[in-house]
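Worksheet: the structure to be examined is printed underneath.
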Amino acid sequence: MVRCDRGLQMLLTTAGAFAAFSLMAIAIGTDYWLYSSAHICNGTNLTMDDGPPPRRARGDLTHSGLWRVCCIEGIYRGHCFRINHFPEDNDYDHDSSEYLLRIVRASSVFPILSTILLLLGGLCIGAGRIYSRKNNIVLSAGILFVAAGLSNIIGIIVYISSNTGDPSDKRDEDKKNHYNYGWSFYFGALSFIVAETVGVLAVNIYIEKNKELRFKTKREFLKASSSSPYARMPSYRYRRRRSRSSSRSTEASPSRDASPVGLKITGAIPMGELSMYTLSREPLKVTTAASYSPDQDAGFLQMHDFFQQDLKEGFHVSMLNRRTTPV
């Protein structure tokens with residue numbers, strides 16, 4: 001379900017990117033931003049002797065774009081003229097806000113910048129569909145579309161503000177009452193709405209992909225940690241139970257493995273005397289012939305014979321016990 005929603009969002013983002021760029025390109029390339037009445041279409045029909053046209057005379061209908069004005073009525077019907085944003089008969093203060101506004105209006109920098117950003121954003125959307133694992137491309141596309149929308153709305157605001165000082169030859173009484181916005185203007189406004197929507201969708205896709213990537217990484221980490229040998233170690237209680245059982249088994253083993261021969265031998269001769277007798281033979285190996293004493297040798301042999309006789313008696317008794325013990 002999530003992949004289906006993401007695929008639908010990606011499809012809407014792609015279609016919206018194409019629509020926003022197309023609308024803005026059509027808007028800046030056509031001359032139907034404004035319908036107004038102007039005297040430019042019949043102004044050349046007058047001579048210097050006739051004087052200026054009547055003050056109350058209404059101008060002919062024109063439609064204009066960002067760079068041209070075209071006549072719908074009058075002598076020059078169907079002809080278009082380049083808009084002169086700085087007429088020679090007007091004296092402008094170069095530090096005034098009106099002069100700066102006319103410069104921005106003449107350059108149309110914001111609509112052009114918006115179109116360029118929309119193009120770059122559309123390319124990023126296409127690259128994001130090809131390289132789906134790179135989320136930064138989709139994020140870059142979202143940022144570009146948001147910036148394009150902001151540039152577009154700034155250009156529209158500047159265009160609306162400059163209508164009071166429209167560069168056509170409208171008279172003062174005609175400036176407020178005889179103009180309407182055309183479909184090119186509305187295409188530009190619609191492009192702003194679509195661009196912002198596409199930007200939000202692109203950022204949302206980036207956030208969802210990033211969340212899914214983090215969840216997948218966390219799940220793989222937990223899976224790897226559960227399969228490690230440290231995760232299979234027994235618990236403290238299990239280790240304690242095993243240690244208790246092993247201690248019990250070690251305590252019970254001597255009683256089962258004890259032999260009567262060993263008990264007889266250890267009970268007959270203390271361990272201290274046995275070690276003493278054993279160590280007493282070592283000096284005989286290192287002594288010289290001059291230190292040989294017959295008395296010491298006779299005592300040693302007597303104790304050695306007693307030890308052998310006692311060992312034989314203990315072994316004989318143990319063998320009798322084994323024979324007489326019923327199975």
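Glycine too: its Cβ is placed from the backbone N, Cα and C atoms.
Residues or ranges marked as compositional bias 'Low complexity' by Swiss-Prot: 246-256.
What Swiss-Prot lists as N-linked glycosylation site is Asn42 (among others), and the listing cites sequence analysis.
The N-linked glycosylation site annotation in Swiss-Prot covers Asn45 (among others).
Residues or ranges marked as phosphoserine in Swiss-Prot: Ser259.
Sequence annotations record features per position, and here Swiss-Prot assigns region 'Disordered' to 235-263.
Feature annotation from Swiss-Prot assigns topological domain 'Cytoplasmic' to 1-9 (among others); the stated evidence is sequence analysis.
Feature annotation from Swiss-Prot assigns topological domain 'Extracellular' to 31-107 (among others); the stated evidence is sequence analysis.
Annotation source Swiss-Prot lists topological domain 'Cytoplasmic' at 129-136 (among others), citing sequence analysis. Panel annotation: around the topological domain 'Cytoplasmic' (129-136), residues 10, 14, 206, 209-210, 213 of the same chain, lying at least six beyond its termini, place a Cβ under 8 Å from a Cβ of the stretch.
The feature topological domain 'Extracellular' is assigned by Swiss-Prot to 158-186 (among others).
The topological domain 'Cytoplasmic' annotation in Swiss-Prot covers 208-327 (among others).
Among the features that Swiss-Prot reports, transmembrane segment is placed at 10-30 (among others), with the record citing sequence analysis.
Annotation comment: Swiss-Prot describes 108-128 (among others) as transmembrane segment, evidence class sequence analysis.
Marked as transmembrane segment by Swiss-Prot on the basis of sequence analysis: 137-157 (among others).
Same-chain residues lying 6+ beyond the ends of the transmembrane segment (187-207) with a Cβ under 8 Å from its Cβ atoms: 6, 9-10, 12-13, 16-17, 19-21, 23-24, 26-28, 30, 33, 111, 114, 118, 121, 125, 135, 138-139, 141-146, 148-149, 152-153, 155-156. The transmembrane segment annotation in Swiss-Prot covers 187-207 (among others) and is backed by sequence analysis.
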